[in-house]
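Here's what TrEMBL has on this protein:
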type	residues	note
DOMAIN	A:24-528	domain 'Cytochrome oxidase subunit I profile'
TRANSMEM	A:36-57	transmembrane segment
TRANSMEM	A:77-100	transmembrane segment
TRANSMEM	A:120-141	transmembrane segment
TRANSMEM	A:161-187	transmembrane segment
TRANSMEM	A:199-226	transmembrane segment
TRANSMEM	A:259-277	transmembrane segment
TRANSMEM	A:289-307	transmembrane segment
TRANSMEM	A:319-340	transmembrane segment
TRANSMEM	A:352-375	transmembrane segment
TRANSMEM	A:387-412	transmembrane segment
TRANSMEM	A:424-445	transmembrane segment
TRANSMEM	A:465-488	transmembrane segment
Amino acid sequence: MSTTVDTLHHEEHHDHKPSGITRWLFTTNHKDIGTLYLWFSFLMFLIGGSMAMVIRAELFQPGLQLVEPHFFNQMTTVHGLVMIFGAVMPAFTGLANWLVPMMIGAPDMALPRMNNWSFWILPFAFIILLSSLFMEGGGPAMGWTFYAPLSTTYSNDSTALFVFSVHIMGISSIMGAINVIVTIMNLRAPGMTYMKMPMFVWTWFITAFLLIAVMPVLAGAVTMVLTDKYFGTSFFDASGGGDPVMFQHIFWFFGHPEVYIMILPSFGIISAIIPTFTRKKLFGYSSMVYATASIAILSFLVWAHHMFTTGMPVVAELFFMYCTMLIAVPTGVKIFNWVATMWRGAMSFETPMLFALAFVILFTIGGFSGLMLAITPVDFQYHDTYFVVAHFHYVLVTGAIFSVMAAVYYWLPKWTGHMYDETLAKFHFWASVISVNVLFFPMHFVGLAGMPRRIPDYSVQFADINQIVSIGGFAFGLSQLIFLWVVIKCARGGEKAAAKPWEGAEGLEWTIPSPAPYHTFEKPPKIEG
Amino acid sequence: MAQQSNNRKIIFRLLLGVAGMFAFGFALVPLYNAFCDATGFNGRTKNEAVAYTASHVDKSRTVTVQFLTHNAKGMPWQFKPDIKEVHVHPGEVKLVTFYAANPTARRMVAQAVPSIAPAEASLYLNKIECFCFNQQPLAANTDAEMPVQFYLDPEIPEHITTLTLSYTLYDMTADANATTVAQTTTSE
């Protein structure tokens, strides 16, 4: 490993960069790689989104109209996989690449060549996964949770491709996580103590440890599925002494921390944006750090709340119910701190702030429906209904994805050197926030009324609500094209952005010019106070 | 270069963590089995013969034991309990039989996998003899009575008044032919 930070200093002192495709293929620059991750994630967001459009089009009316049930199952499955592993996680990794070095005063990520690898294996993972949709028998259709025996006894021939693509995604995430941890531990500018790091850096630091703890467990789970299906093992096969319920335990041991992997970086983003546009310091910084760490630790103790209906002993159900409810405490601390930051602040409502405010309100709705689901006895009614779908889309779309959009608007002037079109951006915000609620809010009711998830047909009494939901879905999907337009327009030109385009912004990234030069902080900055 | 060696140290530790967690994923399998055996979690029972060790027969209580049978997917046998339920005193030894018939024109091998509900009760149901301990072969177009001899531990909690013993019958013919696989499954 010859490419250390020191040699980089000697090699490329100027702002020149290689041109053409090779710049992107061979780049070890954290900003280039961050850009690649973000564009990749947006592409995946559109692909996963178009699958959601297929789902909503089929569910527009009761009965089977457009697609075969088997294809519908592939759509729900691959929509989930693409959105989680292709859109949300790479978006956060892209933001970490762009921002973590600039926020801690480092010249680049600590392991730039590994950084290149961790991005460039990702497209292959998704080419494998998406191409399986076009193969004989189709792609994975067992739900993104790939419960055994759906993924073993009853799955398509393409299951091996699904397994390998998940392996590659896992390796990519683990490499990204290692890079973030090493960068944060070793490349902080002198004087940047842990308790002075911006919240985004803190939340990503903790997220990276979660990734290292659970992505290998996911790799183990898919490997067991692979050997059960193709090599005659019986991890999940009762006739061979295995147990299909054990699959769910192993899967959710990964799956629940995964939920926090997809939301902790959002907390960091919101903790950066709200103080800027309220022109106040973040309320309760250290309590934010401890709350994030407690959420991460608790996330390992709640996995079986996904499995209340598998017939667990009452004692176990109570344990997992109480632990789950306990998570509401540190999360409540965070919501409280954000509201307290806004209290009596000089607030202004630029687009990043609008998305951040929508995040606080709508994520809290998702949190509350999560608390309802945590109550064991009522979960027996809610389990596997659209209520669950409504819940996790509130936390993932209006939570994670809204925070990514807030982050893009907030740091776009720094990345491109131009201000984005504020009018168009506000239009994007209002179109998104209205349509997303038309899309997901009625799902609560249709779920409580008993409509099961992942089924291509439904009973006629759900028809009206499903029509409203589908219209919201199409509107939300189309609204994202405005987002694409704003970003392209901003990248191509616009009003010149100052080094610190937001009056109330704080942090090292605002001390460097906009657009951020190709190489920054080759000499570490001095941190005062 | 202190930076570089420091980087390596952290990378090494993190990779160790990754390898450890990968191993932990697989270690969950025996851990889960041990946990289930110890607590009766998930209704699994000790699938092995137990000698009769009850200290007394508790005549003051009667527990209803119900029997259920299921055929796994693709299993063509007829399989049912001869009696649907029995009433036993804790500590009392009972013998019940199940009827199995192979209607096909070929010799088949089956394996029954038991499960008990409520899961808590699985710790107190002891089988002295059971057809589920071994694979059961049946020649073409033959049938058999398959016995289960069991007793309930007198320590069984008061609130358990009914328990269900359910068997799922799996077709193991293919595996029994591939002897190596069959060896490992019967020893489970």
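Any Cβ shown, glycine's included, is placed from N, Cα and C.
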Residue list, the transmembrane segment (A:120-141) vs rest of chain: Cβ under 8 Å, 6 or more residues beyond ends.
25, 40, 44, 47, 70-71, 73-74, 77-78, 81-82, 85-86, 90, 151, 155-159, 161-162, 164-166, 168-169, 171-172
The transmembrane segment (A:424-445): which same-chain residues, six or more beyond its ends, come within Cβ distance under 8 Å?
351, 354-355, 358, 362, 369, 386-387, 389-390, 393-394, 397-398, 402, 405, 409, 465, 468-469, 471-473, 475-476, 478-480, 482-483, 485-486, 489
Excluding the flanking five residues on each side, which residues at least 6 beyond the ends of the transmembrane segment (A:352-375) place their CB within less than 8 Å of a CB in that stretch?
263, 266, 269-270, 273-274, 276-277, 305, 321, 324-325, 328, 331, 335, 338-339, 382, 387-388, 390-395, 398-399, 402-403, 405-407, 409-410, 426, 429, 433, 436-437, 444
Counting a contact as 3 or more Cβ pairs under 8 Å, with residues at least 6 apart in sequence, do the transmembrane segment (A:77-100) and the transmembrane segment (A:259-277) touch?
yes
